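Asker: This is the structure I want to talk about, given as structure tokens.
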Amino acid sequence: MQTAKNILIWFLIIGFMIVAFNLFEEKGSSSPSATPMSLTTLVDMVKQNKIGEADIKGDKIIAYTKDGQKVETYIPKGYTSIIDEMIKDGVKVKASPSSGGDISSSGNWLVSMLISWFPVLLFAGIWILMMRQMGNGGPTRAFSFGKSKAKVYIEEKPNVKLDNVAGMDEVKEEVAEVIEYLKDPARFRKLGGRPPKGILFYGEPGVGKTLLAKALAGEAHVPFISVSGSDFVEMFVGVGAARMRDTFETARKNAPCIVFIDEIDAVGRSRGAINLGGNDEREQTLNQLLVEMDGFDTSEGILIIAATNRPDILDPALLRPGRFDRQIFIPKPDVKGRYEILKVHAKNKPLAKDVDLELIARATPGFTGADLENILNEAALLAARKRKDLIHMEDLEEAIDRVMMGLERRGMAISPKEKEKIAVHEAGHALMGLMMPDADPLHKVSIIPRGMALGVTTQLPIDDKHIYDKADLLSRIHILMGGRCAEEVFYGKDGITTGAENDLQRATDLAYRIVATWGMSENVGPISVRRNINPFLGGSTVTEGSPDLLKEIDKEVQKLLASAYEETKRVIAENKEALSSVVKRLIEKETIDCKEFVEILSLHGVEVKNACKQEESLEKKENNVEPKIDKNVVNV
């Protein structure tokens, strides 16, 4: 590919030099100061003995009169009488070959030929370069669009093993079974079993689908063929199907083997959707895949493994038994899984003694394996930036904040008055988190701007919650209202800010779901009303139910929010003095943890109902827990 580009560049350079040389020669040979003259006039001047000197270049005559005037004209080919006349009249005549246009002239025939053929050679070079790009090979593959782009691993395998995959023990068992079958198929066939023809890994981005496939390739003792779904999509009709056939032809030659198709939704999207483009190349590719997986021309020994983030859009024919027999969901890791993943990624990183990976695992609920690896990498970069020899706990905590909330904006210009209001807002959230007995334990409060947030209150639950009772939900609403209520208690109704916008949105949504989704309202009763919000092109919200029912739901939601607001405001007003001390400390240090927060409250005689809690080691805990983080972010 680089050679073809170099050839094209040299074509352009040579062509430019030829054209420049030709123009320079013509410019040098031309006489811009000569006066054009007709041949008849020149003949008359010769007869009148007015010409003293003449220079003949091919078919052009440049004559100099005796009074110093320079004139030029052209003579027809073969007309030589004027030359004889000038010699007869004593004119000094010089003759030289033409500088261009005469192919027979010495040295100019090559230049003329190159000028004539240069456009043809230029277009030929561009065409060859395009063919090499699309064919992805040498000159013999200029038109080989249908060749597969799959990578075949026979001797060289990815250096990833199942031991490098953590946080998905059940999935690893399924994969280990496939490896066992490839190693000893007779043991399974003895019982009449057959291997699955296809395995589909699906889950959210970053959970480890491709990593698991790499581990399978590293463990299996059979050839591994890897290809992306987008490799089958091309601008030419039929190329995708041809590449699909070529991929499976390669697989048959290397059977038994494994074919891994990453991002299969690129070609496996459900058929029948509206296609404004006429012929759908993707559908042809999908049809060919269906035939290859379970058609008349199938062969034994080929295992298809695919990965996707969108199983809901795949064609039903692709998911039926006989094609993808097993569909394995890869979830986000729980707290134990996150702990195991952190240990795997921390093996090659020097950690200080104060690093607690268990606490990091609890502080990162909802994080995928890719997110956790990114956190450890960010922590390593932060430690290197500070010229440390080890990664400390503070580096990991800062890395979590960077990933979750964005970079610190310490240079952001915030007036002392605004900073105080932000501190009051966040202190109100934190106080309600400590005063609600059913709330999740407080972790820390910060007023350092990060991303779009001006402050954040973080809670780290210690128990896994799969269901929530009404008390849990009401506690969440009280905590969300804490920021706005603190502003009103400290500054009055006219002093409230726009910082509670996100809090009110979340509280309203939660209250609506309490009433209309989970049926927890005594007045409305046990009923569930679906509400569809369509933001596309300004779409409106569509809610089921009669107008009277919807009106009753709205009244109950308003009542629930008003009650929570008044109760929250009462609690904050009763502890205003203690909260003022917290605000001063928060303005001074910008970040305080739960322990320091409680110590300040205890100095004012305030007893919290939800103290800071610690959990025993995950190594000793029998049941896995899944903490969830609750962030209250002030967006102004």
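Using N, Cα and C of the backbone, Cβ positions are placed for all residues, glycine too.
On a predicted model such as this, the values are computed, not experimentally measured, just so you know.
So Swiss-Prot lists the following for this protein:
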ACT_SITE  Glu426  active site
BINDING   Gly203, Glu204, Pro205, Gly206, Val207, Gly208, Lys209, Thr210  ATP binding site
BINDING   His425, His429, Asp503  Zn(2+) binding site
TOPO_DOM  25-108  topological domain 'Periplasmic'
TOPO_DOM  130-636  topological domain 'Cytoplasmic'
TRANSMEM  4-24  transmembrane segment
TRANSMEM  109-129  transmembrane segment
Asker: Looking only at DSSP and grouping its letters into three states, which state does His429 (Zn(2+) binding site) belong to?
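Answerer: His429 (Zn(2+) binding site) sits in a helix per DSSP.
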Asker: If you skip the near sequence neighbours and keep only those at least six away, which residues in the chain come within under 8 angstroms of Pro205 (ATP binding site), Cβ to Cβ?
Answerer: Asn309, Thr368, Ala370
Asker: Work through the recorded positions one by one (Glu426, Asp503) and point out the residue whose CB has the fewest other CB atoms within 10 angstroms.
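Answerer: Relative to the other recorded positions in Glu426, Asp503, Asp503 has the fewest Cβ atoms within 10 Å.
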Asker: Using a 10 angstroms cut-off on Cβ to Cβ distances, just flag whichever of Gly203, Gly206, Gly208 is the loneliest among these binding-site residues.
Answerer: Gly206
Asker: Closest to Thr210 (ATP binding site): which of the recorded positions His425, Glu426, Asp503, going by Cα position?
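Answerer: For Thr210 (ATP binding site), the spatially nearest of the recorded positions is Asp503.
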Asker: Most Cβ neighbours within 10 Å: which of the binding-site residues Glu204, Val207, Thr210, His429 is it?
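Answerer: For the binding-site residues Glu204, Val207, Thr210, His429, the Cβ with the most other Cβ atoms within 10 Å is His429.
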Asker: For Gly208 (ATP binding site), which of the recorded positions Glu426, His429, Asp503 has the nearest Cα in space?
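Answerer: The answer is Asp503.
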Asker: I'd like the number of other C-beta atoms within 10 A of the C-beta of Lys209 (ATP binding site), please.
Answerer: 24
Asker: Find the shortest Cα-Cα separation between Gly206 (ATP binding site) and the binding-site residues His425, His429, Asp503, and name the residue that gives it.
Answerer: Asp503
Asker: Suppose the ATP site is Gly203, Glu204, Pro205, Gly206, Val207, Gly208, Lys209, Thr210. Which further residues of the same chain have a Cβ inside 8 angstroms of that site's Cβ centroid?
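Answerer: Residues close to the ATP site, other than Gly203, Glu204, Pro205, Gly206, Val207, Gly208, Lys209, Thr210: Leu211, Ala307, Asn309, Ile330, Thr368, Gly369, Ala370.
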